[in-house]
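The structure under discussion appears below in the form of structure tokens.
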Amino acid sequence: MSGNRARRIGLLGVPVEAGTGRRGACMGPEALRVAELEARLAALGWDVTDHGNVVQLDARALGALTFAGAAHSPERVASWVRPLARQSYDLCKAGTLPVFLGGDHSLAMGSVMGVARHWEEEGRPLFVLWLDAHADFNIPSISPSGNMHGMSLALLAGEAELRPVFGDEPTTAIPPERMCVFGARSIDPGERDLLRRRGVSIVDMRQIDEHGVSVLLHRFLNRVAAENGVLHVSLDVDFLDPTVAPGVGTTVPGGATYREAHLVMELLEDAGCVGSLDVVELNPFLDDRGRSALVLAELVASLFGQEIMDRPTQPFG
Ligand SMILES: [Mn+2]
């Protein structure tokens, strides 16, 4: 366990679904609570507080937000992510390791924004690991769907087209070269071009098949360690193969297996650099008897110290 991590975890629900084309993600935070996330983390020795859900602003009071292209329900997205960024920042300031329960992936605009502002003040470089079938690096002028859950990483990288989301709120941009999209298998053509130009690292499933998650993840984690960085992990349910976790609106075949996902979590735990986490896109309406919620709760526990079996201190052989 690394010394730069809080022993205190704060859970914060963000039942936003305005960023996606399908309803049901608003139930995600409750499903993760029903899957006993809090008790699992407490059993690992963490001091856990559930802060309930973020209080949404009145979207109508924000006025119309205009963009240079397609962006659906931006006022509703903003009504969630603006107060979320503030609460995220406050949790970090209080020495809490925040775990954000979604809700669709647009919530990362707020959660990571607050985290980024905190670490900028602390003078520590923030890195972002995006565990996702998609890169979420669209901007309104190139987005095929206009759904804003596909734009969150681009906003965090400081893409100018997305500035109206935060308006006059305090923001900071994360250098795109400190971002890694891991598990990708569905990236739009315009988005791919933008990712390349900005220098975001992409690890796709083809590379994972060829080299395995361990080698590829270490490559990124070594960079985090070399700069004494802090890591935000954003876990989208569709990182996993739909046979493992069907409870998501954007299933893409060929995702991470149960074992690959657990290995990623254990490697992150070993690295000891994770300072915050999103768990997003869980749609209990599409789930199979809570299976996806339970898998996610297990993965989060794995990230925070749960081991399947106690290993002997000396490896066998
Ligand atoms: Mn996503």
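Any Cβ shown, glycine's included, is placed from N, Cα and C.
Nobody curates TrEMBL annotations by hand; they come from automatic prediction.
Summarising the annotation, TrEMBL assigns Mn(2+) binding site to His105, Asp132, His134, Asp136, Asp236, Asp238.
Positions of the features from TrEMBL, shown on the structure.
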| residue | record | Cβ neighbours (10 Å) |
| --- | --- | --- |
| His105 | Mn(2+) binding site | 31 |
| Asp132 | Mn(2+) binding site | 28 |
| His134 | Mn(2+) binding site | 25 |
| Asp136 | Mn(2+) binding site | 29 |
| Asp236 | Mn(2+) binding site | 27 |
| Asp238 | Mn(2+) binding site | 25 |
Beyond the site residues His105, Asp132, His134, Asp136, Asp236, Asp238: chain residues whose C-beta lies within 8 Å of the centroid, for Mn(2+): Trp130, Ala133, Ala135, His149, Gly150, Ser234, Phe239, Thr250, Val280, Glu281
Three-state secondary structure, His105 (Mn(2+) binding site) (per DSSP): helix
